[in-house]
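Engineer: One structure is given below, represented as structure tokens, and several questions about it will come after.
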Amino acid sequence: MFGLDTQDAVTDVTIVPSAKVTVHDPAKDGAETFIPWDNPQGIMTYKQYLSVVFYYNIILKPLVVVVGVSTNVVNCLVFRRQGLRDRMNLCLFVHSLVDMTFLTYSIAFTVSYFYRLVDAVVGEEYYLKTLYYAQGALFGLREASAGISVVIAVERCLCVVFPLRASTLMHWRTMGMLLAAIVVLMQAAFITTPLKYSVVSIASNTSAGARWQPVPDGRWQTDRTLQTYSVAEDALMQIVVPIGTFIIVSLCTTVTVLRLQAAMSWREKTSSSGSDAQVRQVALTRMLVLVSGVFIASKVPFVVMILARNIVSDFSTTGRYYNLYMTTFILVYYLPYANSAVNFFVYVSRSARFRQDLRAIMCGASTSTRQAVSHLSAATSCDTLASHPS
């Protein structure tokens, strides 16, 4: 019942089926025509690629979703306890909330993959419709999380560069409006994604009945205005925005680290210990630099893939390295999930205040439980004494 599908299957990623390509082999006369994933000159086989897809959906993604959703719930509770009228607490709270929503929403794609393995006929319809109609919102949540990472990196950079104005850079209400605008705009940016393809039923000669496949929407193929918009939208949201966020976060984090090191070096030379507030700000900045560093690391494979695709023509959906390209695609799309799940561990390891508030929340829950048990025990004891007078 469960096994590797013999068709192209990548949850969360839409790849338009590729046409056949002609391969010229000097060792043979003439040329042979292959579907890209069956190209014998490829580095990986299609079966190896399907194995990666299988274990990605069976082990890797469910694991990171379970860990990420639960830890982001804890993040939200801690930052809410610390107070959302602090602009950075508000920023981290919304970041955790968006990451939690992103991971929770992605479960639909994993469920559709399982459904397809269990029931190849009905599951195929559910799988393809989920993949083509629901992925726009998923991409919007992913880019909203990246946009908030940009805000975090820029805010810390400005605080380090202009330390005397750090407290007045932005009001918490302004920060809230900015974060809300990022979430709404990223959803709006992908609103046309489910409109470009239609999942339709096609006749099948097998006893399994009708099959399903995605077909380009006719309006997006014939209307020149829609075609131009689609090309511009894809270039903006799939290349410019992701690479832009990577560059901005990288530059801001580099400046923050350099200025922070210079400030710490100056403080050591002048033997100045600094106030408690300054010490806390330095600790917070170091923690957020690490958060930005994790984000940068998760984006590096995407940038490398973009460069490789433009340098190596065969590293594409029509080239001989199709299977390697698709496997790399899985890694690129998996890392944002992992990035959304690891921030809790950064907060716990780098922030004493986070640990303190987390301990208070846990102890508060434990105290409430103990008090309930204590009241129940006391009531039971009274009843016992009343039924057995001395």
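In case you wondered, yes, glycine gets a Cβ from its N, Cα and C as well.
Take a look at what TrEMBL says about it:
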{"type": "DOMAIN", "residues": "70-347", "note": "domain 'G-protein coupled receptors family 1 profile'"}
{"type": "TRANSMEM", "residues": "54-78", "note": "transmembrane segment"}
{"type": "TRANSMEM", "residues": "90-115", "note": "transmembrane segment"}
{"type": "TRANSMEM", "residues": "176-195", "note": "transmembrane segment"}
{"type": "TRANSMEM", "residues": "235-258", "note": "transmembrane segment"}
{"type": "TRANSMEM", "residues": "288-312", "note": "transmembrane segment"}
{"type": "TRANSMEM", "residues": "324-348", "note": "transmembrane segment"}
Engineer: Do any residues of this chain, six or more beyond the ends of the transmembrane segment (324-348), have a C-beta under 8 angstroms from a C-beta of it, and if so which?
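Structural biologist: Result: 8, 10, 12-13, 15, 37, 42-44, 48-49, 52-53, 56, 60-61, 64-65, 67-68, 71-72, 74-75, 78, 95-96, 99-100, 102-103, 106, 142, 145-146, 287, 290-291, 294-295, 298-299, 301-302, 305, 308-309, 315-317, 354-355, 358.
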Engineer: Please figure out which one of 90-115, 235-258, 288-312 racks up the most CB pairs under 8 Å against the transmembrane segment (176-195).
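Structural biologist: Of the candidates 90-115, 235-258, 288-312, 90-115 scores highest.
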Engineer: Please give the sequence-distant neighbours of the transmembrane segment (235-258): residues at least 6 beyond its ends with Cβ less than 8 Å from one of its Cβ atoms.
Structural biologist: 139, 143, 146-147, 149-150, 153-154, 156-157, 160-161, 189-190, 285, 289, 292-293, 295-296, 299-300, 302-303, 306
Engineer: Can you work out which residues elsewhere in the same chain, 6+ from the ends of the transmembrane segment (90-115), have a Cβ less than 8 Å from its Cβ atoms?
Structural biologist: 9, 11-12, 57, 61-62, 64-65, 68-69, 72-73, 75-76, 79-80, 84, 122-123, 126-127, 130-131, 134-135, 137-138, 141-142, 144-145, 148-149, 151-152, 155, 172, 175-176, 179, 183, 336-337, 340-341, 343
